Amino acid sequence: MKQSASCAQPATGRLSIIGSGPGSPAHLTDAARSAIADADILVGYGPYIDQLGDLAQTKEVLTSGMTREIDRCRLAIERARHGNRVALISGGDAGIYGMAGLVFELLAAEGDTRLAVEVIPGLSALQAAASRLGAPLMHDTAIISLSDLLTPWDTIRTRLAAAAAADFVIALYNPRSTRRTSQLEEARRLCLLHRPAATPVGIVRNACRPDEEVEVTTLGELLSCTVDMSTLVIIGNSSTFVDGAGRMVTPRGYENKREFAGTGQSTETAAPEPPSRTASPAALMVVGTASDVGKSAITAGLCRLLLRRGLRVAPFKSQNMALNAAVTPEGGEIGRAQASQAVACRIPPHTDMNPILLKPTTDTGSQVIVQGTAVGVMAVAEYDRYKPVAWEKVQESLERLQQRSDFLVMEGAGSIAEINLKDRDIANLAVARLAGNAPAILVADIERGGVFAQVVGSIELLEPWERDLIKGVVINRFRGDPAILEPGLKFIEQRCGIPVLGVVPWLRDLALPAEDSLALPPTDDGNRPADRLCVGVLRLPRISNFTDFEPLIREPDLRLCYLERPEQLAGLDLVILPGSKATMADLAWLRDRGFDRALNSFGGMILGVCGGYQMLGELLQDPDGVESLAATATGLGLLPVHTVLLPEKTTRLTTASPAAGAALAAPGWHQPVQGYEIHAGISRIIGAAEPFLRLDHEADGAVSADGRIAGSYLHGLFDDPPLREALLNRLRRAKGLPERNAAPPPPDPYDRLADHLASHLDIPRLLAICGLA
Ligand code: SAH
């Protein structure tokens with residue numbers, strides 16, 4: 001090493017590292033041409049030398065294979081050291097994935113600073129390809145090679161994700177070879193997390209060569225185009241467009257200058273605004289510092305508030321994780337919260353309001369429901385791979401909803417600062433951006449404590465583009481004197497430069513449907529008052545749609561509790577087995593805890609709803625592995641019913657009227673009630689029991705001969721008064737309590753909620769943020 005460094009070098013020896021351009025003599029610079037003419041030895045990869053044509057003649061030419069770059073550079077250095085004038089030919093520009101860096105690395109390793117080396121720039125494939133497409137590189141561009149031969153794929157992936165998130169135009173070198181095909185697919189997926197499928201993409205093969213091919217496509221269609229190692233791919237940013245002549249153009253930002261519009265006045269000093277897709281997004285996003293900080297309620301309240309101003313408002317939450325689903329009129333499932341927000345907007349719920357619903361079946365997997373329909377159970381990694389598809393659906397639903405509405409109040413999911421998930425986010429600020437950079441307000445929950453850290457910490461963890469979207473902070477669930485918060489609120493405003501729009505006091509007994517089991521009341525205190533109906537619901541680990549039982553809470557003589565241990569059955573008048581997202585697993589849980597024996601000796605009434613009904617039967621079969629736990633399971637044997645789980649899921653709104661068993665379980669019930677079904681299975685009575693209900697035209701459920709044990713697939717069976725009243729009066733008679741009429745339905749809570757927000761938030765400022773002032 002040291003040896004060659006100390007070697008005196010003949011003064012004439014020189015190494016020119018020459019960028020030979022994309023591959024045609026016309027695109028070779030004059031400087032490159034003279035350097036080649038001056039050289040006595042050409043070193044390079046065969047095809048690049050061939051592209052020089054006549055220029056290479058009369059020279060000594062040393063070529064080596066494509067992957068022998070180090071050999072070529074060493075050879076060039078050695079020959080220059082021996083007094084030759086060497087031209088090292090590198091395609092495109094020698095300093096862009098070319099030979100220049102390698103030569104300098106080799107020289108540095110040897111400590112050689114004396115060899116005369118010059119770099120002659122060449123026209124890079126990047127510029128060549130861009131010129132063929134139009135002007136796609138007019139704004140900040142990230143250049144990324146997809147070749148993982150020299151760079152670990154993890155590093156490439158991280159850079160792709162960052163560039164995609166930061167809205168760079170992305171130029172992909174070495175995009176695909178015969179053996180390396182997945183890299184381009186993954187690059188596309190990562191981009192789709194942040195950009196619409198319609199984003200323009202330019203593909204240029206053999207730019208400036210005789211067999212040049214140019215194609216302008218979209219990110220969605222990218223994989224159906226020919227892409228190989230002679231291709232450069234350019235992915236547009238959020239403002240790139242394709243003009244009428246098919247040219248791909250990324251605006252520089254001149255449209256923000258007044259003279260652009262033809263006023264003739266130049267505003268040199270105006271900083272270019274980041275490009276946004278639409279001038280006014282007509283949407284607001286409510287995001288949180290954590291889950292369950294009250295986003296859903298604030299969203300619902302704002303929906304009603306804006307509705308009262310005469311706008312057609314709709315709620316939107318791209319992705320929801322919850323086991324409480326609602327059924328839409330078209331027979332799809334969405335999160336309960338969006339269904340109630342639709343009520344706040346006085347419109348029917350629609351699957352577009354919550355295109356992705358994840359119903360956790362285990363700690364690591366969920367049933368994935370897309371635009372209302374279950375597409376399968378996926379583990380986390382699998383869902384990550386599926387996300388680009390999910391994201392396309394989110395865009396589709398958002399677009400449709402925007403078309404049908406004047407204004408969207410969107411809700412984020414969980415915390416906005418989950419930095420480990422940021423690059424795959426399809427639920428939070430990526431959606432605000434998708435909706436045309438909708439402003440967002442950040443909700444923090446003071447009840448949990450640490451509210452200033454919640455707010456400042458969340459904002460500090462945001463990317464700059466995300467922070468730019470946060471236009472206000474709301475402190476929720478406050479009890480006490482807001483004056484004491486003043487200094488803290490000032491601090492937030494100063495530190496983050498974001499206004500606090502208000503402090504929303506805790507609103508007592510606001511009857512909004514609960515979203516997930518985080519909202520379940522604390523468990524049973526064992527108190528069984530003799531003058532009340534005592535009803536217990538089994539707190540299954542995968543309990544779903546426990547909103548079924550919320551109407552019971554409103555009955556003044558009823559006490560509802562959630563049960564975790566068999567001893568808690570004592571003194572109850574009614575035990576309910578609720579719906580479950582994992583019936584087989586919850587059945588096993590119930591057995592483990594000894595609930596099977598306790599229920600067998602329990603003397604009060606037992607009601608099973610949906611999954612709970614299936615558990616009450618004798619046998620559950622899962623021939624297709626729908627829940628993939630076991631092919632069969634023995635039920636509790638309290639009803640003579642056999643259930644088969646089916647891959648096909650039933651989700652529909654249903655009208656229920658009484659069948660023969662109703663006279664036993666709920667005597668006196670005659671009027672039909674409305675409810676809904678969500679289940680993957682059918683149950684058949686195989687012994688002495690009567691069907692409970694008639695759902696549209698088919699029989700449903702079962703009731704034992706003494707009317708004490710009943711089951712049904714109907715959700716929402718307590719929502720309408722007639723069935724609730726009849727069933728509870730049967731229990732009241734058995735306990736010697738006076739009969740009662742069903743409690744009236746609660747008043748619409750959304751006006752109260754909207755009033756509450758109106759008196760505690762700076763509404764003029766909020767409207768200004770929304771562009772509605
Ligand atoms: N130094 C070269 C890049 C070498 S890396 C430059 O500055 O252009 C090789 C990659 O460049 C190829 O896999 C391809 O992605 C791209 N490339 C090189 N020449 C090209 C051309 N004429 N047309 C399209 N892409 C080209």
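Using N, Cα and C of the backbone, Cβ positions are placed for all residues, glycine too.
TrEMBL entries are annotated by machine, without manual review.
When secondary structure is read from DSSP and collapsed to three states, Cys610 (active site, nucleophile) falls in the coil class. The number of other CB atoms found within 10 A of the CB of Cys610 (active site, nucleophile), across every protein chain shown, is 26. According to TrEMBL, the active site, nucleophile annotation covers Cys610.
Around His715 (active site), taking its Cβ as the centre, 25 other Cβ atoms fall within 10 Å, counting all chains. Under the heading active site, TrEMBL lists His715.
Taken from TrEMBL, the feature domain 'Tetrapyrrole methylase' covers 15-222.
Per TrEMBL, the feature domain 'CobQ/CobB/MinD/ParA nucleotide binding' maps to 284-514.
If you look up TrEMBL, you'll see 535-720 marked as domain 'CobB/CobQ-like glutamine amidotransferase'. Averaged across the domain 'CobB/CobQ-like glutamine amidotransferase' (535-720), pLDDT in this predicted model comes to 94.
Annotation comment: TrEMBL describes 253-279 as region 'Disordered'.
Cys610 (active site, nucleophile) sits 7 Å from His715 (active site), counting Cα to Cα.
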